[in-house]
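Student: Sharing the feature lines straight out of Swiss-Prot:
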REPEAT    63-102  repeat 'WD 2'
REPEAT    105-144  repeat 'WD 3'
MOD_RES   Ser240  phosphoserine
MOD_RES   Ser241  phosphoserine
MOD_RES   Thr257  phosphothreonine
REGION    326-345  region 'Disordered'
REPEAT    413-451  repeat 'WD 7'
REPEAT    453-493  repeat 'WD 8'
CROSSLNK  Lys474  SUMO2 cross-link
CROSSLNK  Lys529  SUMO2 cross-link
REPEAT    673-712  repeat 'WD 13'
MOD_RES   Ser726  phosphoserine
Amino acid sequence: MGLTKQYLRYVASAVFGVIGSQKGNIVFVTLRGEKGRYVAVPACEHVFIWDLRKGEKILILQGLKQEVTCLCPSPDGLHLAVGYEDGSIRIFSLLSGEGNVTFNGHKAAITTLKYDQLGGRLASGSKDTDIIVWDVINESGLYRLKGHKDAITQALFLREKNLLVTSGKDTMVKWWDLDTQHCFKTMVGHRTEVWGLVLLSEEKRLITGASDSELRVWDIAYLQEIEDPEEPDPKKIKGSSPGIQDTLEAEDGAFETDEAPEDRILSCRKAGSIMREGRDRVVNLAVDKTGRILACHGTDSVLELFCILSKKEIQKKMDKKMKKARKKAKLHSSKGEEEDPEVNVEMSLQDEIQRVTNIKTSAKIKSFDLIHSPHGELKAVFLLQNNLVELYSLNPSLPTPQPVRTSRITIGGHRSDVRTLSFSSDNIAVLSAAADSIKIWNRSTLQCIRTMTCEYALCSFFVPGDRQVVIGTKTGKLQLYDLASGNLLETIDAHDGALWSMSLSPDQRGFVTGGADKSVKFWDFELVKDENSTQKRLSVKQTRTLQLDEDVLCVSYSPNQKLLAVSLLDCTVKIFYVDTLKFFLSLYGHKLPVICMDISHDGALIATGSADRNVKIWGLDFGDCHKSLFAHDDSVMYLQFVPKSHLFFTAGKDHKIKQWDADKFEHIQTLEGHHQEIWCLAVSPSGDYVVSSSHDKSLRLWERTREPLILEEEREMEREAEYEESVAKEDQPAVPGETQGDSYFTGKKTIETVKAAERIMEAIELYREETAKMKEHKAICKAAGKEVPLPSNPILMAYGSISPSAYVLEIFKGIKSSELEESLLVLPFSYVPDILKLFNEFIQLGSDVELICRCLFFLLRIHFGQITSNQMLVPVIEKLRETTISKVSQVRDVIGFNMAGLDYLKRECEAKSEVMFFADATSHLEEKKRKRKKREKLILTLT
């Protein structure tokens, strides 16, 4: 039996019109060895790389479905970590643009990502209150840190010590010892959410930003350094009073004697506060890579910059203060007052951290990033609330630095939501109009070819001939634009209220408008003499007016131009004859006003979409309701028939576009992609393209393919997608022996881990079958007294006729490192005995010892009770113990030998070139110089 009706599938073709999404952060990235030229910005589910110099998009890092919420470039500049709304993390290569590594561990949106100094570990914080530390090289999770009670806002690795500091919306700042994976210190000095934190002054100072205008500064003292007698106290400044020294000594004494359990690694003391100019909360707080410039901003459009002075600069400042104080003392003594035996000068926080300047952007700041150019110039790039990227530069070394805007990316999108879309008659040009501008896009290249300023646009269409466009505005005006010149030809006051809808007449000689002033007006095109030119230009003139009792929300002509449908605020749709304007039909049944409607190409059907979430299909001959469809989970915002068919599209506030069959009342397909409310859509005259706009600032193009769509298969795919979503939402299986404390298992059950577990189970089943077949084959050969050919398995032949045990090993090697533990966790215990026997075989052969040991130790940990109580497995475990120890020792010896060889080669190279070209050598030298200077200062202070 053939298909009764064939539908063709529409697929997502492109995302355009968005420069940067609001949920994520902007970061500088290094491409082709150039720093400070390229930025990565989140763009819905993708990441766009923009060239700030040319204002061009040069690379798109393709996402899947979820919106991007966080970006973090790796220290080597080769990779970019991207966090998503569903809690997944992908690491993209900036050279190829491919995302090869995926981490799944969080249940909610990623809020912060930070690499450690070498780029080997990545810390991720989420709205699910957990922090997970990932091993980037091994592509797996290391441990989960639990302790915060609300979303994580920031996480930072310390350079010198294996510690992590995190802040959250629970008002806490927590310090984690990564050797033991537990929280050893919680700072409770904040009364509101902590929105950001930075480490300064060689990680001896912490600055936190909360919901007030205060930046709190904390001094960090590490216990080892306090106990080190060679280290002088950095707080003792030349010229400081004995009283201050006594206080510091008393504090030091407190460090040693009255040591609280949480102060065993470090101690935090509040040093003071820096007052911001902004009164609202801190949105972002950051420091540049040199550690000299501190920047923060609130919910407004001002970035505040502070300079962290070096020790030399502070000393210079203190010397000046001292000189001034001595002069003052001399002046007092000359006036006959008693001279102080010693002049006291105290160093305040304002002496160390100085305000530099403020950068005022053109709109509210969503995020920013800082970078120092080789010429000493500071560059600050901003992602603004109105879909805009701006770059400012300034020289912080000048006495009064003036920020200068050097670059701006604007042409690729509107500043506000697009409220109306239209296709040209040849399907090539797309018009989009928002609150302040109209843009004309080339559909094939997605480039903006014309931008024109306008008032708040609500509806639009291309004038026949595609040389002019007409816009209806919120103030009730009609605006006529010429596309060739980009000029506004004419503005006409059409309605007293908002002009909600327009419909071009089928004979293309005029159009009709409906407004909030309860009237429908008819207009004709005409040519009038242009004052500035000898040629005539297009204009419009009003011919008739239809006055109604309610506000008009939508108007639509029937294709034969005999009828006019008018949607009113009283939830009805009234049909009038066009020639006499007499009333013909009233379509009532919607519970809320009809926002959108369209009439089919043959004039037989009218479909209406309402704020009550329903779409109703009516016959235009008698006004009977053929069917009422529950179309969306929120208001239906737009509805349009596909030309020359009874299929139509609807767009809703539930972020979805749906296609329907008005004859069979079937839901054909759902186009998902937008992340927020969809305002409007337009179907091209050919029906091959659909373009839609949303509150997420993006415009999306959907294309009709030649692929037939079968409804039963579509429903099956939807059910599968629902099941996959439900798998991710299931509770994590309990791991025996694991405590739900600070540190916990990092994985998350996903459909990929379930599939990986199924592959392992299938491989074990095949191994069992093949082993049984081989036993049978041996018995047959023995009975026959000759060698009988062994039947070969097609799966093993596909892998190159390998043995069943080698096939199992291949399956284990094929599982992603980040999904390995979770796959083993969902594996039933009945497969574990066979796996353990195979592991013993693999380790004896020396095959992938590291991988097999990782799987073995995890299985032993989660099935400890069942394995130890099973007498059959005792000899297997005993053998595993012997083979594992010997083989792991061999692997360790090989690594040790390789490291010794590399050390030898390093020494050889150094001896030849007589240059210490490894970074640790220079850092050791700098450390020695620093200690020597501190000792000299201490001697000066004591003398």
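Glycine residues also receive a Cβ, built from the backbone N, Cα and C atoms like all the rest.
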Student: Report, as numbers and ranges, which residues of the same chain sit near the repeat 'WD 3' (105-144): CB under 8 Å and 6 or more residues beyond its ends.
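Tutor: Tertiary neighbours of the repeat 'WD 3' (105-144) are 23, 69-72, 74-76, 79, 81, 83-89, 91, 150-157, 159, 164, 166, 168, 170, 176, 178, 181, 743-748, 816-818, 820-821.
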Student: Give me the Cα-Cα distance between Ser726 (phosphoserine) and Lys474 (SUMO2 cross-link), rounded to a whole Å.
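Tutor: For Ser726 (phosphoserine) versus Lys474 (SUMO2 cross-link), the Cα atoms are 44 Å apart.
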Student: Quickly jot the same-chain residues contacting the repeat 'WD 2' (63-102) by Cβ under 8 Å, restricted to those at least six beyond its ends, or write none.
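Tutor: Distant contacts of the repeat 'WD 2' (63-102): 21, 23-31, 35, 40-47, 49, 108-115, 117-119, 122, 124, 126, 128, 134, 136, 139, 672-673, 675, 696, 728, 748, 816, 818.
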Student: Which ones in the same chain are close to Lys529 (SUMO2 cross-link), with CB under 8 Å and 6+ residues apart in sequence?
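Tutor: Once residues fewer than 6 apart are set aside, Lys529 (SUMO2 cross-link) is near Lys536, Arg537.
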Student: State which of the following recorded positions has the fewest other Cβ atoms within 10 Å around its Cβ: Lys474, Ser726.
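Tutor: With the recorded positions Lys474, Ser726, fewest surrounding Cβ atoms within 10 Å: Ser726.
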Student: Tell me, roughly as an integer, the mean pLDDT over the repeat 'WD 3' (105-144).
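Tutor: 93, rounded to a whole number.
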Student: Once the DSSP letters are reduced so that anything not helix or strand counts as coil, what is Ser726 (phosphoserine)?
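Tutor: Reduced to three states, the DSSP call for Ser726 (phosphoserine) is helix.
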Student: According to DSSP, collapsed to three classes, what secondary structure does Lys529 (SUMO2 cross-link) have?
Tutor: strand
Student: Need the DSSP three-state call for Lys474 (SUMO2 cross-link) to compare against my parser.
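Tutor: Looking at the DSSP assignment, Lys474 (SUMO2 cross-link) belongs to neither helix nor strand, so coil.
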Student: Write out how many residues of the repeat 'WD 2' (63-102) are helix, how many strand and how many coil, based on DSSP.
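Tutor: Taking each residue of the repeat 'WD 2' (63-102) in turn, the totals are 0 helix, 22 strand, 18 coil.
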Student: Could you give me the DSSP helix, strand and coil counts for the repeat 'WD 7' (413-451)?
Tutor: 0 helix, 19 strand, 20 coil
